[in-house]
Amino acid sequence: MEKKIILLILFLFFISGYSMNPPTPIDAIYDDKSFTLIFNSNLPYSTRLILYKNEKEPRTEMAPNYFNCSLVDGERHCLFHSDEPFSRLWGSIDSKVCVRDKSNTVEDCTFDASGLVYYPKVYNLKYSKKPKTSGEDIVITGSYLRLFGGPNFLINSIDVNKPFVVKGNFSDPSFDCNNITVTFPPGSGKFRLYYDETGDNPVPFSYESPIISSSVSDSSKQIITINGDNFFTDKDLVKVSFDGIDQPNFIISVNHKQIQVNNYNRVDPGPMSVNITVDEVSIEKNYIHCFPAIITSISSVSNHLDGIVTIKGEKLSSTLNSSLTPSITIGDKVCKFIKSTTTELECKLDANELGGKNLPVNVNFGGCDSTSPNGVSFTYNIPTLSSGSYSNGIVTLIGTNLGTNNESSIQLYGDGIKNTNISQFNVSSSDEKSVTFELPHLRCRSFNINFTRSGITAKTLSISASLSVNVINRPTVSNGILNIEIYYMDCTISSSAPSITVGDSSSASPCSIPSSNSSYYETTCPTPYGTGINKQFIFKLNSETVSDQFSYAPPEVENRTISDDGTNIELHGNNFGNSTSLIKVYLNGSDISSEIQELEDHQLTIKILDSYENGPINITVDGNYMDSLFYLTLPPVIYRITNKDNKTLACGGLITVSGKNLLTSDKEFKVNVKSNNKNTTVFAQDEKILIVRDESRESSLFVTTFIGVRSGPSTTLTYIKPMISEIPTIENKIEKGILAIIRGYSFTDILNASLTVSSETVPLSCNLECSLSPNEILDDSDSSETNITNSNTDCLSCHSGSSVKNTSGVLYLLFNSTSFQYNVTIEEIKLSPSPNVSQRDVETKSSKPSNGLIIGSTIGSVGGALAIGALAYYFKIPFRVKKFIGKKF
């Protein structure tokens, strides 16, 4: 289709006789994301590109493109747009550009793109590296790399008829033309690359410079071998120079990789500069080849004195440059140069406190290190040991050149003794002739000493130590056993059972026959009844004796019990002793030793005082402290039942008990409150107050308290007299009967209720709901409050099975001995066709009682608050309800 359009346009041109000039941009502006061609405003301008794959075949897969032209300052700026990314801009030198004249809408697409003077050249060009002379693939990145060039060949100045191969399928829509891989064949030197094939825009490039990785000289064969890369294969293109002097006698012994220079000999030590140039491309930095000094022997000096070191060998002096003097190092120390010939050198070595063995020696001429064919190294004087002794746990060694703590090491070994390293010892600093160290525990008496300084071991020395013991436990106060480790035994003879004498005892107690392990012998010895710390004893084994000390085990408490009457604490444990004068007992830091009632080694009885609080118990026996304190929890104490005037509400009444430790978790001390020998319900509780709810309806309550099975305070509570706060209108439901809801406080379910109308008395049956919900308590002093409502009153629901015809009557109520009588209004209620009637929750018309209001005596604590709350509600006095939060009942 596109070809037909082009032919049609050409045909129109020929018919009209119109001839269009080729596009001649005066400039091009471009970067990696856009390009603009600039034309004179009165001349033809470009409209689009037709990129070709080759000389004759356009790119059919190419997305549409166009130039968006506009006049800017009298010039026509044509910005190129394409529906595919710029990384896909590629085409041959035969690509076409379409042109339009300013005065004609006809588009002419016959012009060669190569005819454009200005167009985007390669931009932001980068190479992954330069190619080796042996040839390799190189990655080239940049913009417009294949615009008007290639695409799969890159023309070069080495041979324009043999372009480099560009890898990749350019017709693949995913192929990135800004990132191409080019195969460079083997070659050398500098050349030019032509990315657009016009020949007008050469880009200089070259093969990689020669690289020298190593060099080896063979003086016997007078050959120097140079290893590296990029030496190419043609000797005529290569130049080799040593210290600026060309070397004609060389061959390329391995293509690209190795050059061998023949007939070269040098007697002086030091560096030599090597330069290689391949096809006018030189090595980037001259390589330094070293002719090393050769060391065959070296003398030794004392490490703590200055000394002259003599080195023998070859190339130890420069005959060509007398000012070239070496730097000499022995280990990490400098040996100051004195003089030298080609075969012998002298230098001065300062004192070296660390010394050393087999230290490396280096004679460096101008940066070139020496070599030694027989591995010559330097060693300071060898240490010697002449004698050794043991006294009071300290070993002393006598010798020479013993070095310092940092460079020396000591190891002990022997029959029956595992190898033991001594990490802490002291060498005399003035003459290095003595060493002292603390002898560690050894199983056997005789041992060998291995002394090493800087890796040099002195002659082995043998020493014997005297008997020693180590106590490893603390015996109990009674029937105690002392475990003793034995060191420095005579392992060559059979030992009899040792004995122990404690304190001022006149008799010794036999111990067990020592048993052995890899580190020591062990025996067990009995100890007499006793307490305290640092007790002296004498240990005897065969003919040797040694003195030491031990401490008895500290007191410990395992558990506690409380006496049946609750008056005493019994602490059970160990090592309490039997003397009250030697024991101290502290509770919460206070001394309670005076309250000790009984004392035995395993039990301690203490009287309980009201002032005691839960806390840590600390016991000392004869100056011996407990390892860990015992936390003492005390049983609950009930002080009294605190209801004021021994009163409580009749309906769901609360009973308040005061005391301490009321929250104990011990089942044996659980606090329980009973009313008329019946269990009560816990309403609220903390360490000092317990509030329970009584569920009975009896007129008086005999309240008893218990701590576990032990009884506590008891009393008899009576109910405050009932009080009515609200009498609603009586509902008279036809066919259902009479319903009356009465609200108040301290109602009982022992009552008689009736409604008198005219001369007829209608008996009423009543149901009672107590007011106090199980998560509320009345209070008048808390900031977290809500107003009291009818939900906080007792609710009495009374009804009959028959209705009445009257509109008024007298309601009679009798609670035990307290009676109430009210004139009431009776309201007839008609039932709906589909009734769903239950206990009414909505307030009906109500009336406040005008007479018969009776209030019993108020009670203390919560009971009193309830009575006060009832009064407050009746007289509309502000009152609050406090919520219990976080309590578990």
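Glycine is treated like the rest: Cβ placed from N, Cα and C.
Per Swiss-Prot, these features apply:
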{"type": "DOMAIN", "residues": "120-207", "note": "domain 'IPT/TIG 1'"}
{"type": "DOMAIN", "residues": "293-380", "note": "domain 'IPT/TIG 2'"}
{"type": "CARBOHYD", "residues": "N68", "note": "N-linked glycosylation site"}
{"type": "CARBOHYD", "residues": "N169", "note": "N-linked glycosylation site"}
{"type": "CARBOHYD", "residues": "N406", "note": "N-linked glycosylation site"}
{"type": "CARBOHYD", "residues": "N421", "note": "N-linked glycosylation site"}
{"type": "CARBOHYD", "residues": "N450", "note": "N-linked glycosylation site"}
{"type": "CARBOHYD", "residues": "N517", "note": "N-linked glycosylation site"}
{"type": "CARBOHYD", "residues": "N578", "note": "N-linked glycosylation site"}
{"type": "CARBOHYD", "residues": "N618", "note": "N-linked glycosylation site"}
{"type": "CARBOHYD", "residues": "N646", "note": "N-linked glycosylation site"}
{"type": "CARBOHYD", "residues": "N806", "note": "N-linked glycosylation site"}
{"type": "CARBOHYD", "residues": "N816", "note": "N-linked glycosylation site"}
{"type": "CARBOHYD", "residues": "N836", "note": "N-linked glycosylation site"}
{"type": "SIGNAL", "residues": "1-19", "note": "signal peptide"}
{"type": "TOPO_DOM", "residues": "20-851", "note": "topological domain 'Extracellular'"}
{"type": "TOPO_DOM", "residues": "873-889", "note": "topological domain 'Cytoplasmic'"}
{"type": "TRANSMEM", "residues": "852-872", "note": "transmembrane segment"}
For N450 (N-linked glycosylation site), the three-state class that DSSP assigns: strand
For N646 (N-linked glycosylation site), the number of other Cβ atoms found within 10 Å of its own Cβ: 18
Greatest C-beta neighbour count within 10 angstroms, which of the glycosylation sites N169, N618, N816: N618
Cα distance (Å, whole number) from N169 (N-linked glycosylation site) to N517 (N-linked glycosylation site): 81
For N806 (N-linked glycosylation site): DSSP state (helix, strand, coil): coil
Candidate glycosylation sites N450, N578, N618, N806, pick with smallest Cα gap to N406 (N-linked glycosylation site): N450
Most crowded position, judged by CB atoms within 10 A, among N517, N806 as glycosylation sites: N806
Helix-strand-coil residue split for the domain 'IPT/TIG 2' (293-380), DSSP-based: 0 helix, 40 strand, 48 coil
CB within-chain contacts under 8 A for N578 (N-linked glycosylation site), separation at least 6: L599, E600, D601
Candidate nearest N169 (N-linked glycosylation site) in space, where candidates are the glycosylation sites N68, N646, N806 and distance is Cα-Cα: N68
N68 (N-linked glycosylation site) versus N646 (N-linked glycosylation site) - Cα distance in angstrom: 106
